[in-house]
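Marked as domain 'HPt' by TrEMBL: 1-108. Summarising the annotation, TrEMBL assigns phosphohistidine to His46. Here TrEMBL flags 106-139 as region 'Disordered'. According to TrEMBL, the coiled coil annotation covers 209-236. Per TrEMBL, the feature domain 'Histidine kinase' maps to 283-419. Residues or ranges marked as domain 'Response regulatory' in TrEMBL: 571-687. What TrEMBL records for Asp620 is 4-aspartylphosphate.
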Amino acid sequence: MAEARDPLRYFRIEARELVDQISAGVLDLDQEPAPDLVARLLRYAHTLKGAARVVKQTAIADRAHEFEDVLVPHRGEAPVQVPADEMRELLRLNDEIARFVHDLEHPAPPVEKPQEGRSGPASASSSSSAEEDDEPAPRAVTADLDELLDAIGETSARIAPLREGSTTLARLHRGVEALGDRLRIGRSTGDAGARSAVQRLAGEMGVLGRRLTDAVDQVERELDEVRGRAEGLRLVAAGTIFTALHRAVHDAAEAEGKRVRFTAHGAEARMGPNVLNHVNGAFLHVVRNAVVHGIEPEAERTAAGKPAEGSVTVDVERRGRWAHFRCTDDGRGFDMTALRRVAQARGLLPEGREPGPQELIDLVLHGGISTSGTVTEVAGRGIGMDVARDVALQLGGTVTIDSHPGQGATVQISVPLTLLSMNGLIVEAGGVVATMPLDAVRQCVRLPAGDAATAAATGRFAHEGQVVPFLPLARTISPGAPDNTGAGVAVVLSADGDTVAVGVDRLAGTSTLVARPLPDLAPATPVIGGVAIDSDGNPRLVLDAHGLVAEAHRDLAVGGAAPEPGKPRLPILVVDDSLTTRMLERSILESAGYEVDLAASAEEGLDRAHRREYGLFLTDIDMPGMDGFGFVATTRADPLLGHIPAILVSSRASAEDRRRGEEAGASAYVIKGEFNQEELLTHIRRLIL
């Protein structure tokens, strides 16, 4: 049996869980000492000690016993007061226990076998490693799940020939039945035996075909269920990285002689381990920088009217298909004077021009600048923000910094989540086809024309004895479309423990699709969570259940009335080489009541601009052929087009690119990574005629 060959199999699992609980508990004890926390830590340590002794892991048992010795005097103490030296000893013992457990989880490769006739002492660890030649040590759960998903994919591929076989069998069955019919028509007495044999064969083939089809259907259903569960199990809660971040803040604060409180929110957000592992590595640098560079010494904070204890808060939020990781401190903010001095000393700033705050922030992200006067074990090498930038780029995301002098700073890493397969309910509203996540749908109720009009006017819908907010979907994703005065469907869905009804024109079935992350512009539309490609190759919006719930409540709060139509305006020309981005930008602009034309290149945009009058150009920068800078410069030089405002929308965030946009004649420059829908619409309202 596996347990006999690997006596540490279950101990590794239990020890890892206990070590994680002890690690988090010690940090909580340092921040908020409480008698029940002391009792809980003693229970964890005692359990670990007993389990370690059973499997003869004396090093772990001894350190767990020492851990108990430090805490026992504080059992029942009120208030609990653990001196700093004892807290350091608890952390040291916890680190040693964690290292021993890690070594058990990742045993060293076996050494060469000793020469025959020679032997040496073997510890429990070495003997178990030798026994594990037949049964490898357990690996990370996610790796096992990856293998399971691969195996499911291979099994699904192997089922395909069975599906083809059942189809072939059905075709042969029809052929045999046709042959039997011809034999019956012939009515030859000599063929009676043949007719009987054919009929029996047809019957047996029919039964076999139905059984094979039913079996394949069942296996495919079960594989889909297993795949869904495995994909769900593979997701990891964001809270798993909080203990490491808390420890980094604690150690940095102790090294700097500061008092800093760590707070974290969003532990329940679940995502792929690849995202969490990468962001955790970057955020270790970010939180240390917040303590070292951001949080002021106690005397300075007190003089500024701040609490003596600083604050570092980590927030994790999953919005649509994006995950946002924020680190906020209440310190001094970025020292712009020091940044300017260091940048000038390194020759990173152009001569004769005073850089603005955003340009200096850009240098923090891209120049490896540190304002620390000394290099320590904690900070000072100028690589912290570089790591954050590199991780964001590696994951296809962005990193942004928001700094307020004297109040603090926020560093945010936003990354797209991995592609996910989902079952969706296809709906149509205002001429737009979109997909709702099927797992959020509770019921679909047909609405007569009168009921649909009443629900849209009041923003309320009666469902199973209670009144829930009602959101006409067309008003959100296609407000330019005429109101539907006919019958419709109310899709009742739930998210965040809340229930709302969403009104659509019709249902168009269900489908399994792969939801992709939205382009940079789209996250500002809360009801849109992603995009999928339909069978015809066209992008289809994937709606976000959480966003729909929030929008339904917001719509109800403003009275449930549709916005008043504005005066006629000239259309907007969107120029972007990405089909998905063009479609989603059009959705955003049409949602605000604008008419939109699309161009897939700068050259096509110029052609359209000469054939129709526009009120504004909205263009990307990076495109094949003429880029966005060239498009703007060309339109500025054209007597017929020079008066039309142009907005550049790009992921380029450097001061140099902003300068090029200004020189080309752009009326505004919007960075995708910092994009806010209302900001863009504000620019448009200011510029468009």
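Positions of Cβ are set from backbone N, Cα and C atoms, glycine also.
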DSSP helix/strand/coil residue counts for the domain 'Response regulatory' (571-687): 57 helix, 21 strand, 39 coil
Integer Å distance between the CA atoms belonging to His46 (phosphohistidine) and Asp620 (4-aspartylphosphate): 62
Secondary structure content of the domain 'Histidine kinase' (283-419), with strand meaning DSSP E or B: 49 helix, 34 strand, 54 coil
Secondary structure content of the domain 'HPt' (1-108), with strand meaning DSSP E or B: 86 helix, 0 strand, 22 coil
CB contacts for His46 (phosphohistidine) [other CB atoms within 10 A, all chains]: 14
Neighbour tally for the residue listed as '4-aspartylphosphate', based on other Cβ positions within 10 Å of its Cβ: 23
